[in-house]
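A.B. asks: Dumping the structure here so I can ask a few things about it.
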Amino acid sequence: MSALQTCSSLIYLISAICYVVGVHLMRSPKTARKGNGLSCVGMALAVIMIIITIIVGGKIDAAGWIALVAGLAIGICYGVVKGRKVKMTDVPQLVSLFNAVGGGAAATIGVFDYLQVAAGTRLQLILSIPVVLDVIIGGTTFSGSLIAAGKLAGHVPGKPITFPGSRLCNGLAIIAMIVGAVWMIGYPQNYWALVLELVAALVFGLLMTLPIGGADMPVVVSLLNAFTGLAVAFAGFVIDNQVLIIAGALVGSAGTILTLQMAEAMNRSVANILAGGFGGGASDSGASDDIPVNVKETSADDVGLQLAYAHNVMIVPGYGLAAAQAQHEVAELAKLLTDHGINVNYAIHPVAGRMPGHMNVLLADVNVPYEQMKQMDEANSMFENTDVSLVIGANDVTNPMARKSGNAISGMPILDVDKSKSVVVIKRSMHPGYAGIANPLFSADQTHMFFSDAKKGLKDIIAATKQYLDE
Amino acid sequence: MSQQLYSNLAIFVLSLLVGFEVMSKIPATLQTPMMSGANAIHGVVVVGAFVVAAEANNWGFYILAFLCAFFAAVNVAGGYTVTDRMLGMFDRPKGGKAPAKDNKQDGGEQ
């Protein structure tokens, strides 16, 4: 080992330690930000080291520098601007987009290496297996994450998209990937093998994600995140760089655990989610049979009256609140009630706002005190003593249908909103939620519907409540 | 199997195990930031972009190097920025209102 190699190996080791300790620190709210900072330091070390390495190596030519610097500059600007400007409500699709490009970069490395072999520059046959895995996984996560981001952003319909023969297409894509893999390993001089493999992987990512319903999307994004980690690790094998292998494997396994925990929070198994998608999402059809008929509508004035004379109020925020950017209004209403001695808490479903923990982030953003944010189990023990539950733009997570079998959300843990004495639901329309099924809570005896945009509705309710409180 | 491949494989397997171990039960509150943080870490693929650029020697390869650098830079820069922003929200004093900060946040989100 030359001095430079020794130095770079040690630096990469330090940077790997930073990632591991960083992830460890991120498990607690108190140290989470430090953890992320530490992993960022590790990243900076690795980048500085590789810059020194390629400068000393002297192999890179002017055009290589231009391509590298231009790509990095544009990428950094785009990433930082997007990261700074994004509304907190749009974070899930942004994470999915960042994940897609990560997979894309890993796949690009595989493609590059294979083309070098094909061009006769290098011949390292033993490394062709990582190359193949890198291209397959990287390509799949690239297209899959783009579709997931599109679904979360609403550019692609959130409903499961299936077409006749989609199962057959899946099978064909898998066969094409296997054929491509064998071809690439057996005849490493063939461009067409690479093209076949890349196209098959991209198509497979597409087919894998399209039939999965929007409600399951967070789990899929997390799974694809873990996949990208593996793709990056295999890219590390390809270019013989340990820091890629360590960081990629770390994200691969940690991401898998995170995925399992998210799936557990929704009481779904990962296999179930993927198989459901592959199966064609047939379970969703015909689920809208029992549309609630006797829905009672109410006004802001009536809601204000109910709230002003309640002792215990539970706010149940959902995606509608996030989409309408109404977190400031809800915090204002809660403060108004709290200032008048009314107990206010938030019941937060683990997957409220489409991603686990997303709602906590949105509410923390508007200074909602931690002690008012109740996680599902704690909230469920409080509903019986709740006078008014104010459901804002939440649907599936409150749907009592989850307790029955044979529908799209069967078995999903829900908030027992129907156990509270009175329920007010602020919602724009009777449209079903992400899971695409009707919610019997909306037609229950104690429920009143207040049809409005969350932001405007809350403003009206705040005004009405003020009349009844001594203000 | 070469010595090099073997040591890489050993590192890979052991890192997988470390990942499983380090990621025990985490609160739902932190799952989104954690996913985003892990997402930023695999942005280390940016190191690979440098290697590709260093070895590129024709137009096709320069384009690949550019693509790889662009993709990886978006991943790493965006990933850390958005994770830090999310986690920054947990830093506020408990229960206390911070109007000045609030305004700043509003400005940033528009």
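Using N, Cα and C of the backbone, Cβ positions are placed for all residues, glycine too.
Found this in TrEMBL, in case it helps:
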type	residues	note
DOMAIN	A:10-463	domain 'NADP transhydrogenase beta-like'
TRANSMEM	A:6-26	transmembrane segment
TRANSMEM	A:38-56	transmembrane segment
TRANSMEM	A:62-81	transmembrane segment
TRANSMEM	A:93-112	transmembrane segment
TRANSMEM	A:124-147	transmembrane segment
TRANSMEM	A:168-185	transmembrane segment
TRANSMEM	A:191-212	transmembrane segment
TRANSMEM	A:219-239	transmembrane segment
TRANSMEM	A:245-263	transmembrane segment
A.B. asks: Tell me if the transmembrane segment (A:6-26) touches the transmembrane segment (A:93-112). I count contact as 3 or more CB pairs below 8 A, with pairs 6 or more residues apart.
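C.D. replies: In this chain the transmembrane segment (A:93-112) does not contact the transmembrane segment (A:6-26) - fewer than 3 Cβ pairs sit under 8 Å.
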A.B. asks: Cβ pairs under 8 Å only, please: of the recorded stretches A:6-26, A:38-56, A:124-147, A:245-263, which one is richest in them relative to the transmembrane segment (A:219-239)?
C.D. replies: A:245-263
A.B. asks: Along the domain 'NADP transhydrogenase beta-like' (A:10-463), what average pLDDT does this model show?
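C.D. replies: In the predicted model, the domain 'NADP transhydrogenase beta-like' (A:10-463) has a mean pLDDT of 86.
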A.B. asks: Who are the chain neighbours of the transmembrane segment (A:245-263) in space, where the CB to CB distance is under 8 Å and they lie at least 6 residues beyond its ends?
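C.D. replies: Here the qualifying positions are 12, 16, 19-20, 23, 106, 218-219, 222-223, 225-237, 269-270, 273, 350-351, 356.
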